[in-house]
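Listed in TrEMBL for this protein:
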- 11, 12, 13, 14, 15, 16: ATP binding site (BINDING)
- 204-248: region 'Disordered' (REGION)
- 204-215: compositional bias 'Polar residues' (COMPBIAS)
């Protein structure tokens, strides 16, 4: 099974790419959804109430929108709250992810799509055989903010927590340019999917001879973000679930 990590800017279309890969037989592992499952665990709810108080609850469940206002900020207190929250939520979320990967491998799934907002920053890339970076202009992303209920200010706060897109590109194995139509993006995804052996629907087979801005096979400088904090690419660090056969 091939594990594909998808990175890019917030509201950049990662879910769109994931859904297309699901159409080709891949399983989509959305870290946000897994984290939402973790937030429903009784022990986690008790921990959050103890830290944030009863305000964190809405009808007995974690109010994620209120929680976001407490942890996504530029001030020191917000960063400390976020650090505490990640220490509570990330370990059980990572365990769920590992279980899902093993389950997918046992079921003979050809590929798993790992959709994690902070894939590099939280070292989720160790599970990936390939990492696809989606590059989407700000103007196009702003048109999707309303669907998520985000403001431009909230988008900027989330972006501030992530590596610059230039660093994500440098650390990724393939680049997808999302600056055109949805069909152009689908064509790029289909080309990559065909290269790794996923079944592309006949009506959407990619035209490999066509000229486009697609640069997924261009050489990429994968030098580390800094000399100290990232000295290896995902290929050297990956964690391979039992029974899977990663692609080099």
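Even glycines carry a Cβ here, placed using N, Cα and C.
All annotation found in TrEMBL is predicted automatically rather than curated by experts.
When Cβ atoms from all protein chains are considered, those within 10 Å of residue 11 (ATP binding site) total 21, not counting its own.
Taking the Cβ of residue 12 (ATP binding site) as reference, residues of its chain lying under 8 Å away and at least six apart in sequence are, in sequence order, 134, 135, 136, 141, 178. Highest local Cβ density among the binding-site residues 13, 14, 16 belongs to 14, counted as other Cβ atoms within 10 Å over all protein chains shown. A coil conformation is recorded for residue 13 (ATP binding site) in the three-state DSSP classification, outside any helix or strand.
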